[in-house]
Amino acid sequence: MGLTFTKLFSRLFAKKEMRILMVGLDAAGKTTILYKLKLGEIVTTIPTIGFNVETVEYKNISFTVWDVGGQDKIRPLWRHYFQNTQGLIFVVDSNDRERVVEARDELHRMLNEDELRDAVLLVFANKQDLPNAMNAAEITDKLGLHSLRQRHWYIQSTCATSGEGLYEGLDWLSNNIANKA
């Protein structure tokens, strides 16, 4: 009886660990999001050449978040981070109408990779504070998310600088990764 209670207690209260890969085109806001989640503040960023990795603690979950640079020359390196990824965060600059097709192409190219077949997808429609930003429904359409029949996905409107929407996204991610486990 005591052992059963101990097992139940540890299952309920043990810290869960999740490996998250955060990608998107350059200047979408990935690094700003990472450090807003990690430190709760805005940091001055420069274009990421390579990656940043941080552990973000949230609601008894330890997210290891890999923020990988999005410049076109280094996107082929994304695949080196796919292994063991449970959740994929794809960050989109909602204000960048010129490159939303490029973002869609990169997203679908990635989702076709075998190593990511079981990863859940969270799209952060970032920069919602800008006046000409596309809303989540428009980005869903432009990214072709409804065509992802075999993939569990969700889109969350965000503003990295204020933190708006970030934790709602993490809630969805943690619930959906936990449900797959």
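Note: Cβ is positioned from N, Cα and C throughout, glycine not excepted.
Swiss-Prot lists 24-31, 67-71, 126-129 with the feature GTP binding site. Residues or ranges marked as N-myristoyl glycine by Swiss-Prot on the basis of sequence analysis: GLY2.
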Same chain only, sequence gap of 6 or more: which residues have a CB within under 8 Å of the CB of LYS30 (GTP binding site)? MET22, VAL23, GLY24, THR48, ASP67, VAL68, GLY70, VAL91
Which Cβ among the binding-site residues (ALA27, VAL68) has the fewest C-beta neighbours inside 10 Å? ALA27
GLN71 (GTP binding site), Cβ-centred 10 Å count of other Cβ atoms over all protein chains shown, is 12
When DSSP states are folded down to helix, strand and coil, where does ALA27 (GTP binding site) land? coil
CB contacts under 8 angstroms to GLN128 (GTP binding site), restricted to the same chain and 6+ apart in sequence, sorted by sequence, are SER94, ASN135, SER157, THR158, CYS159, GLU164, GLY165
Packing count at GLY24 (GTP binding site) (other Cβ atoms within 10 Å of its Cβ): 23
